[in-house]
Amino acid sequence: MKLLTACITPFLPNYEIDFLSFERILYSQKKEGNGVVLLGSTGESLALTVKEKESLVAFACSLKLQIPIVVGVSGTSLNDALEWMKICHAYPIDGFLIPSPIYTKPGVYGQTLWFESLLNTTDKPVILYNIPSRAGTPLYLETVGALASHPSCYGVKDSGGSIERCREYAQIAPHLVVYCGDDSLWPQMHSYGAQGLISVLSNSWPREARSYVDNPYQESNTLLWQELSLWLSLTTNPIAIKAVLAYKQDIAHSVLRLPLSIADLQNAEALPNVVEKMLKWSQIYPVHT
């Protein structure tokens, strides 16, 4: 699972899930052999009911994509998280992505017990998620060290913005797979021990993302990738990537659920230029398949 796409959840104008657009996104990833992460922050999981989340997992599994399907587990209630994992076990998913519980800001001991409680309920591979900007606390090195030998602990996704922290995760648990969780930092994190990328940008450009993950040090590619990644990061995710997908007609609508709004898109006037540059990627820099 070298490249996983952190999938959006597309919505119709009435805020219901747009399964037709969702299917297009999933098949575009299948075509390139990319795995998918459903119901992370990019998928607006906290804005969905349990029933809606299950419907997305069930739909994705029904397509028999034959690519890795990883499901996000978020929230603050341990019982709710355990119940959600139990629901997911009824489907042929391939793993879980689990952040530190949001809002509560646990210390090392509490965070470790939280993850251990969830790891003990599954034999699926689990990726621990460092996302301090949303969780309020980092994924502590001590937590990773304590859980690294657990049979269900598979990897770490690092979206903390620190290349040094990526190196520390790789050192403290060398047998775990470290994923870069920030598109713009992929080359640097790869050189510091990251073995894969969980990408937002690949929602719209799955083939180009696959090429870049496989060849992260080509300077011309890096400059373009950085420019696009930084534009996406100007706005809270997934606002910008939904704007791109709708502009390209990969999804029918750029609708988000509150408190997110497409009206908050930053530097919106650059959108046509962003899309045009990526359309030229394969012409300028051949994609390796």
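Each residue, glycine too, has its Cβ placed from N, Cα and C.
According to Swiss-Prot, the features are:
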SITE      Ser41  site 'Part of a proton relay during catalysis'
BINDING   Thr42, Ile198  pyruvate binding site
SITE      Tyr103  site 'Part of a proton relay during catalysis'
ACT_SITE  Tyr129  active site, proton donor/acceptor
ACT_SITE  Lys157  active site, schiff-base intermediate with substrate
* To do: Round to a whole number and give the Cα-to-Cα distance in Å for the pair the residue listed as 'active site, schiff-base intermediate with substrate' and Tyr129 (active site, proton donor/acceptor).
  => 5
* Find, for the listed recorded positions Thr42, Tyr103, Tyr129, Lys157, the residue with the lowest Cβ contact count at a 10 Å cut-off, counting only other Cβ atoms. => Tyr103
* What Cα-Cα separation, expressed in whole Å, is found between the residue listed as 'active site, proton donor/acceptor' and Ile198 (pyruvate binding site)? -> 11
* **For Tyr103 (site 'Part of a proton relay during catalysis'), the one of Ser41, Thr42, Ile198 that lies nearest, given that the recorded positions are compared by Cα** => Ser41
* Name, in the order they occur in the sequence, the residues of the same chain whose CB lies under 8 A from the CB of Ser41 (site 'Part of a proton relay during catalysis') and which sit 6 or more residues away. => Ala6, Gly72, Ser74, Ile131, Arg134, Asn237, Pro238
* Cβ atoms near Ile198 (pyruvate binding site) (within 10 Å, other residues, all chains) -> 29
